[in-house]
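These features come from TrEMBL:
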type	residues	note
TRANSMEM	A:58-77	transmembrane segment
TRANSMEM	A:89-108	transmembrane segment
TRANSMEM	A:114-134	transmembrane segment
TRANSMEM	A:146-164	transmembrane segment
TRANSMEM	A:234-261	transmembrane segment
TRANSMEM	A:273-298	transmembrane segment
TRANSMEM	A:304-325	transmembrane segment
Amino acid sequence: MKLRWLIAGLAAVAVAMVAGLALGPLRLPPVAVALELLHLHSGLTPREAAVVTELRLPRVVLALLVGATLALAGGCYQGVFRNPLADPYLLGVAAGAGLGATVAIAFTSKGGAAVPPAAFAGALVAVVLTYLLGAAGTRYRTPATLILAGVAVTSFLTAVQTYLQQRNAETIREVYSWLFGRLGTAGWHDVLLLLPYAAVSTAVIVAHGRSLDVLAVGDEEAASLGANPKRTRYILIVAASLATAAAVAVSGLIAFVGIIVPHTVRLLAGTSYRAILPLSALFGGAFLALADLAARLVLAPAEVPIGVVTALLGAPFFIVVMRTVRRGSV
Amino acid sequence: MSARSVTVALDDRTVLRGADLDVGAGEWVTIIGPNGAGKSTLLRAVGGLLPFTGSIELFGTPITGLRRRERARLVATVPQQPTVPPGIAVLDYVLLGRTPYIPTLGRESRSDLEVVHGVLERLDLTGFAPRPLERLSGGERQRVFLARALAQGATLLLLDEPTAALDIGHQQEVLELVDELRRDRGLTVLTTMHDLSVAGEYADRLVLLAGGRIAAAGKPAEVLTEENLATHYGARVRVIPGEHGPLVVPVRS
Ligand SMILES: Nc1ncnc2c1ncn2[C@@H]1O[C@H](COP(=O)(O)OP(=O)(O)O)[C@@H](O)[C@H]1O
Ligand SMILES: [Mg+2]
């Protein structure tokens, strides 16, 4: 991996972090914020310091983690399925999480607190279902059967979710606000929930960068080179699905991060997954932290749902990328 | 390499029936046969890439008993149409050949890079190392595919129609190269080929495959007979004795 891209990625994370901490209803000098982060003498008042470290920091860190997880999982699925348009919600994660969240909102009195575990459980059930339908039972398993199973599971679970929503009309608003993604009501709690999954999955996925490069020549050639494509794919699907499920559980559905970030990285830094994976994590984190900043600032004091911001930025961007990329390389 | 009554069924169809095949160390054997005869299938079975019944041994060891990585150090395959990952540079592509020596979660060592640079130099590809593989010409690409197989350090080379996409000059260039490498490095070569005259020129022995069975095997002059080609290809040909092997010329009746 080219060192300069790694440095650029780290710089992007640092910039996004400082901007996210400095800007808001209370504007603070970025340099002072950076010093405060490093536990140096910053000149901020105790109240300002509290805004930075207690109010904004958990949210910025959560944005970094969720963005990194989604972008990494997206890049991973794209390698596993040899399809540059695969996204982290491919195998039914989104629909499963959506159903889980709807059930929690409609049927429990706890509301908000029950959503993350229910969404997480729903996402995992959906992925397992997809895997059972797509991989087991059929004699000729190909990556494509798994994707088709994901489509079927998504349709089915979405239908169930819609039915539940209709039956419990008063929940629709809450369900939708969750579906469009939200970051940061819960302080460090959500960060701690996501962190173990994000850390383990990131380690596993980044370590498989070379394996994904080998997989790029197709299963049969990869096997002739001594690789084990099935096992690699299985491990990576589990890692990426767990991470996505955890991210969705704490943040709802945030569209496009998992496609546009790895895609852009691929255009800039080349097509080796050894570069794509770590760089996607860094730029994905930075991108989501900045998108969250935009979500907070554009209509302040009101907030735009973060999923709306990423979709508004992502969809046009995606079209531009599609049109500029040389034919044949996608 | 030695195969005994190898049978392969794909999609419930028996594609290969009871094939016996022996290739001695350092030998060049070429499989010929009409389209769909099962040539590629036999090669894939020998490479351990397909489930089969019967037995295939490499240097005395059944291939089903080899671990993937061990097998990949003994046999290298260049398929009929290798996949070219978008954007990959020639150097990185050839480096894929070192996969059986690189730990699953590790990275290439200095010695892997040395091997790759040695192979690139041997095949006159050093100048191509940073270039995207997809932008090379057919002949250059075929050399790169060969380079990846050589980087595997395997002694048995399986080449599926290595010259199918090449013009006559590049065909000779690639086959001469394979023959030189075979002698320099003591490789054993098993290929499939379309052009019968060319097949006869380069191979020590030919195996004629038809309808999934081995119809004839032996020295080129024994296999490339007008009668064999009429029976199994439905072709009218004249066979003219040549310097290195018989020349097959299609004729109208
Ligand atoms: N994956 C497959 N599934 C089913 N049939 C196959 C498959 N691959 C090849 N075949 C069939 O096996 C036969 C032999 O194929 P192949 O070995 O590719 O022939 P050749 O290389 O001699 O042209 C053909 O009839 C082909 O249709
Ligand atoms: Mg063939």
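Cβ coordinates are placed from backbone N, Cα and C, and glycine is handled just like the others.
Spatially, the transmembrane segment (A:89-108) is adjacent to the transmembrane segment (A:234-261); three or more Cβ-Cβ distances between them are under 8 Å for residues at least 6 apart in sequence. Relative to the transmembrane segment (A:273-298), the listed stretch A:58-77 leads the set A:58-77, A:114-134, A:146-164 in CB pairs under 8 A. Of the candidate ranges A:58-77, A:146-164, A:234-261, A:234-261 contributes the most Cβ pairs within a distance under 8 Å of the transmembrane segment (A:114-134).
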